[in-house]
Structure formats: structure tokens, C-alpha cells
Amino acid sequence: MESGRGSSTPPGPIAALGMPDTGPGSSSLGKLQALPVGPRAHCGDPVSLAAAGDGSPDIGPTGELSGSLKIPNRDSGIDSPSSSVAGENFPCEEGLEAGPSPTVLGAHAEMALDSQVPKVTPQEEADSDVGEEPDSENTPQKADKDAGLAQHSGPQKLLHIAQELLHTEETYVKRLHLLDQVFCTRLTDAGIPPEVIMGIFSNISSIHRFHGQFLLPELKTRITEEWDTNPRLGDILQKLAPFLKMYGEYVKNFDRAVGLVSTWTQRSPLFKDVVHSIQKQEVCGNLTLQHHMLEPVQRVPRYELLLKDYLKRLPQDAPDRKDAERSLELISTAANHSNAAIRKVEKMHKLLEVYEQLGGEEDIVNPANELIKEGQIQKLSAKNGTPQDRHLFLFNSMILYCVPKLRLMGQKFSVREKMDISGLQVQDIVKPNTAHTFIITGRKRSLELQTRTEEEKKEWIQIIQATIEKHKQNSETFKAFGGAFSQDEDPSLSPDMPITSTSPVEPVVTTEGSSGAAGLEPRKLSSKTRRDKEKQSCKSCGETFNSITKRRHHCKLCGAVICGKCSEFKAENSRQSRVCRDCFLTQPVAPESTEKTPTADPQPSLLCGPLRLSESGETWSEVWAAIPMSDPQVLHLQGGSQDGRLPRTIPLPSCKLSVPDPEERLDSGHVWKLQWAKQSWYLSASSAELQQQWLETLSTAAHGDTAQDSPGALQLQVPMGAAAP
């Protein structure tokens with residue numbers, strides 16, 4: 001908004017939030033100018049100007065702003081308590097806006113900045129926090145001050161930018177205090193469930209402590225006390241910028257948080273009363289809770305804009321040049337980290353959409369699943385070659401071959417075939433009478449498919465082949481450890497892995513001992529029926545297995561399927577050396593040789609090793625855990641078939657890491673908990689030292705750092721009632 005048109009805008013209740021000092025860094029060009037007060041505040045109406053002059057809004061008998069005086073929150077797209085209609089047009093704005101007011105879409109920080117804030121210079125944008133005192137923003141003296149600033153020397157311009165950074169940081173810390181110590185504390189004291197509080201405010205306490213106890217004191221000391229002798233900003237920002245990656249967790253949770261606020265405001269009178277009572281206070285500036293929750297989403301991009309402006313005015317030979325450039329790089333990385341978190345949420349939303357389109361036929365909503373490509377395709381009939389309309393969903397672990405349903409609402413596709421990526425092959429074919437065809441070959445079925453164009457066919461082939469290759473690389477991570485934890489897996493997954501019951505041959509003991517260290521010789525099985533029957537009953541006693549009282553085990557020498565009673569012959573202090581009666585009598589058991597110990601990882605890892613896994617804290621299973629160096633934000637878990645969902649991949653940035661309360665009395669010691677949305681996993685290490693090592697590595701990886709460049713892991717979440725470490 002032009003400075004001349006907004007000269008009569010009073011501080012009003014908005015200035016009470018920030019309470020900034022007047023001075024060169026107190027401008028608020030971005031958001032305050034988009035807050036029209038009164039129905040004709042910007043039209044030069046004498047009545048509205050007189051009302052704006054005394055700064056006292058029209059207050060109704062209930063303490064709410066009257067209907068004739070609406071203050072829309074034009075920055076966030078979320079109306080204030082007094083606004084009755086979202087995106088309502090006000091008088092004298094028809095000529096300024098071509099449509100309804102734009103709204104912010106949840107966690108999209110860039111969209112919020114681009115669509116809501118007027119196009120201003122980076123320096124003005126960095127100082128556009130709502131709630132700052134509009135002391136001289138639109139006065140005639142503003143033009144004189146800008147003209148005088150243009151004549152200032154380079155060092156004075158840098159000082160002005162530094163003062164703007166300090167001023168906006170002070171205001172921002174007050175916002176964080178309002179969210180953390182006012183809203184969050186009052187709602188907690190009112191008895192709102194802790195999971196709702198955590199869902200709304202996420203890690204706002206950590207963000208508040210970082211800015212209030214570290215970044216703001218450093219900036220204040222440097223700019224107000226040391227600037228004459230040490231005029232630098234880059235070294236401070238470079239040291240603390242990596243911690244800005246914690247914004248990724250807050251940003252990805254923003255959509256859910258806003259939804260929780262709306263839901264609980266509608267359904268809980270207590271929640272509504274507490275929130276509205278705070279919003280009426282002067283410290284809140286008559287702005288909604290949702291508006292204040294938006295501030296952290298927009299903060300990191302503003303650091304980036306301000307630092308770019310600082311670098312433009314910084315001489316090339318300045319001592320702070322190198323540190324400032326490195327700081328900009330780190331802050332840009334933090335912004336990208338937030339954007340990556342947003343993309344993860346969008347991927348999960350896409351999985352939910354596909355799940356609804358399939359009518360819930362396949363359980364695809366899993367943090368390890370990723371939808372890579374989907375599209376309409378034609379399947380050529382095996383009988384007469386007639387093309388039939390089909391739909392393909394390509395995930396990172398499977399392909400869903402679906403048939404369209406002629407419905408306007410509800411389920412749109414029915415799953416005809418599910419093909420695992422493991423063992424899948426794709427091949428381009430050339431047929432004289434049919435163009436643009438290729439074949440997908442799985443373990444159970446082959447599909448001859450046709451696309452509309454040659455480019456579309458090449459795209460499908462390339463992306464399917466790339467998905468297969470990536471899946472193979474991930475599987476290689478655990479190939480060296482498969483023998484130690486394999487239970488009953490598909491033989492085609494690893495045809496030449498160490499001896500297990502899944503091999504297409506049944507190993508038996510030989511007297512010469514010429515086959516390997518254990519003296520084993522493969523013997524062909526008679527039929528698939530026999531193999532299936534042997535897997536269902538114990539080799540020694542013949543009793544049928546079940547998941548409760550008769551669990552299956554495998555002999556570590558011959559690989560036979562046996563029950564626990566018939567596999568009590570094991571080496572001392574070696575739970576992994578279960579063997580059957582025959583092997584115990586014929587072969588000496590050496591734990592060092594029979595228990596496979598992983599010695600080398602084909603792909604280097606930040607940390608790997610055996611752990612125990614449980615989803616309920618009661619039943620535990622052995623797994624091999626690894627955080628690969630190539631993808632340090634993912635935890636891979638490899639285990640046996642008794643846990644049907646293993647192996648699995650857990651995205652660490654989407655998880656919450658915590659140490660269980662001692663009162664839970666879990667069956668295993670040295671336990672920690674990983675939680676994603678409504679799913680949780682308990683992991684247990686063999687020692688306290690190993691537990692601490694995993695906690696540090698997981699905490700560091702969850703915030704986007706690696707072991708080499710991490711400035712230190714962030715504090716873990718401490719369960720309520722437990723003392724902080």
C-alpha cells in the first residue's frame with residue numbers, strides 16, 4: 001500500500017504485541033498496511049478517520065469488536081475473531097483486488113510469502129512482522145528518512161540492516177513467548193489432553209528456547225555493544241543456522257495443527273473459552289491463535305531475504321564476507337529442509353487419496369510407501385490382443401494393476417493384481433501390428449501393456465527400471481546380515497544366501513563334511529507341496545505350528561523347520577545357535593561359526609547393529625538396524641518373517657524420538673521409542689552405552705544432520721512427569 005494512503009493508520013491494538021522501540025529498525029511495511037480499520041478506513045472518510053485518530057475501536061458489550069469494525073488478517077489468510085466472513089471484501093477495495101482475498105495453504109511457506117505479502121524490497125520484507133509499531137511507516141518523514149539513508153555510507157547501511165534484524169528478532173521472540181508460555185501453558189492448565197497440546201504446538205518450546213536463549217542474546221550483544229569494534233553478523237548466523245532445521249518438524253505439522261485448533265474450538269467450550277480469552281488481551285493484538293502459529297512458518301525465508309540484502313551491501317573484501325555467504329548457504333538449506341518436510345506431508349496426503357480411490361482394498365498408507373507414478377494405460381488381451389482400459393499405481397515397493405470402476409463418487413478403482421518390485425522385470429517389445437507396447441513380468445504374472453505415445457512408453461519403462469534399481473540398492477544394505485535374522489522368506493529374494501528353510505533345496509548333513517564349514521550338501525525337494533507341508537509342522541515331532549503355543553524355529557545347521565521343544569539343543573550363552581536333535585548329535589555346535597556376525601556393510605552406514613523391536617512393548621523380535629550414509633534420514637530395519645511387515649523403512653524426520661517413562665515397566669531394558677503419526681515402535685539395545693549412541697545418532701539424523709557436520713543433537717522429548725536430562 002502506498003505510504004500516502006495509509007498515513008492515518010493508528011497503532012491501535014496491534015502495536016501492543018511487539019512493543020518495539022522506535023528507530024531505524026522499526027518499520028513494518030509488509031503486513032500492517034494491509035489491515036484496514038473500519039469500513040472506510042482507506043477511503044478518506046472523515047468519520048472513519050476521526051475514529052482512527054483516537055485509536056479506540058468500537059467494543060461491544062461482550063468485549064468483542066462490533067460488526068461495523070472488522071480487522072481482517074490479510075497476511076495469513078485467517079480471519080481475526082471479529083471477522084465474520086473469510087476473505088470478505090471491504091469498501092474501497094473493489095478496485096484493488098481482482099478477486100477474494102488469498103488464503104494461505106497450510107504449511108506452504110513460500111506460497112504464504114508470495115501470495116500474502118505485498119511486493120516489497122527484501123529489506124522491507126524482512127521487517128514486515130505483524131505487531132510492530134507503525135510509528136513512522138507512512139508519515140511524510142519516511143520519505144526523508146529513506147532519502148537520507150540512501151546517502152549513508154556502506155557501513156551505516158550494514159548497521160541499519162543489523163538493527164532491523166535485531167528488532168524483528170525481538171518481536172519474533174515475543175510471538176514465540178506468546179505461543180509457548182501463554183497459549184500452550186493456559187491450555188495445559190485448563191486440562192486439555194497432552195496429545196492435543198503436542199499436536200497443536202509441536203516443538204514450539206524448542207524453537208522458543210533456541211531464539212530466546214541463544215540467537216537473540218548473541219545478536220543483541222553484537223549489535224548494541226560490539227558493533228563498533230566487530231561489525232559482523234555472518235559468524236553468529238553460521239554457528240547457529242544449522243539449528244534452524246528444527247523448523248521442518250513444525251512446518252510439516254502446521255496443517256494438522258490448524259485443523260486441531262478448528263476442531264477443538266467447535267467441539268470443546270473449554271478450549272474455545274481459553275483461546276478467545278487470550279485473543280482478547282492486549283498482548284495478543286486482537287489476532288487469532290492461527291495467525292500467531294503462522295509466524296514460525298514464515299520466519300526462515302525472512303532470514304534468507306534479509307541476509308541476501310546484507311550480502312548485497314557487504315564489500316567483496318569484507319572480513320565477514322565468507323561467514324555471511326556460508327550462513328546464507330546454511331539458512332537456504334534450512335528452508336529446503338522445511339520444504340522437504342512439506343513434501344513428505346504432501347506424499348502422505350497423496351497416499352490417503354489413492355487409498356480412498358481403491359476403496360481400502362490395499363493398506364498402502366505407510367510412512368515407508370511412496371507413490372512414484374500413476375496413470376491410465378491399456379492392457380492387451382492375451383486371447384485376441386484387444387486393448388482394455390486399466391490404471392497403474394507405481395510405488396517404491398510394488399505396482400498395483402487396477403480396473404476402473406464406473407462411479408461418480410467413492411471407490412474409483414479395483415485392484416486386479418499386486419506385483420512386488422522385488423523380482424520385477426520390465427522389457428520393451430516391438431510388435432508389427434501394435435505400437436507403444438512393453439511387458440512387466442512378475443513372479444506370478446506377466447502384463448503386456450500399451451501406451452498412447454512412444455514418449456509415454458519410454459517414461460514408464462525408465463521410471464519402473466529406476467525404481468527396481470533403487471530397491472535393489474536398498475536390499476544390498478542388508479544382504480550381509482540376512483543369514484543372522486532370516487526366518488521364512490521367499491526363496492527368489494536371495495537364491496544364493498546362506499542356508500535357510502526358504503532355499504529351493506533342502507540341506508542335509510553329510511559324513512565327509514565337504515560342503516562348507518558345516519559339512520552340508522544340498523538335496524532336491526520332491527515338490528512344492530512337500531515344502532509347504534514341512535513349513536507347517538515340526539520336522540522332529542510332526543506337530544502343527546501356531547503363533548501362540550507352537551512357534552516355528554529353524555535349525556542353524558540344516559535349516560529344518562522345528563518347534564521350540566525340539567530345538568533346545570543350543571550352545572551355551574548363544575540364543576542364535578538353535579539346532580535340531582539330528583544335527584546336535586552329528587555336528588559339534590560352534591557359536592563362533594554358526595552364528596553369522598555381519599562383518600561388512602556393502603553400503604557405509606552412520607550406525608548399524610542388532611536391536612530388539614516391539615510395537616506394543618511386550619513381544620520383542622530381533623532386527624538388524626542401519627542408518628545408511630547415502631540416506632542418513634532413514635532407518636532400515638531387517639528381520640525375520642515372524643514380523644510380517646519386515647523389512648521396513650522408517651523416515652526419521654517424520655518421527656518423534658523419546659525415552660519411555662520408567663513406570664511403563666517394559667519387558668526389555670535400554671529402550672527408546674520412535675513414533676510417527678499413530679504408529680510407534682519400541683527399540684531396545686543391549687547396553688546403556690549403545691542406547692545412548694543410537695539416541696544421539698537418531699536425534700541428529702532426524703533433524704537433517706550427519707555425524708560429521710552436526711553441531712550437536714537437539715534435546716530429546718522427555719515424557720511428562722519425568723525429569724529432564
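Indices start at 1 and increase along the chain as displayed.
Glycine is treated like the rest: Cβ placed from N, Cα and C.
Checked against Swiss-Prot, the residues SER83, SER128, SER446 yield a single entry marked phosphoserine: SER128.
According to Swiss-Prot, the feature zinc finger maps to residues 532-588, out of the candidate ranges 19-75, 532-588, 589-645. Taking Swiss-Prot as the reference, the stretch among 174-196, 404-426, 703-725 described by the feature region 'Disordered' is residues 703-725. Secondary structure of the domain 'PH 1' (370-469) per DSSP, as helix, strand and coil residue counts: 16 helix, 49 strand, 35 coil. According to DSSP, CYS563 (Zn(2+) 1 binding site) sits within a strand segment. The number of other CB atoms found within 10 A of the CB of CYS541 (Zn(2+) 1 binding site), across every protein chain shown, is 12. Note on the zinc finger (532-588): mean pLDDT across this stretch is 67.
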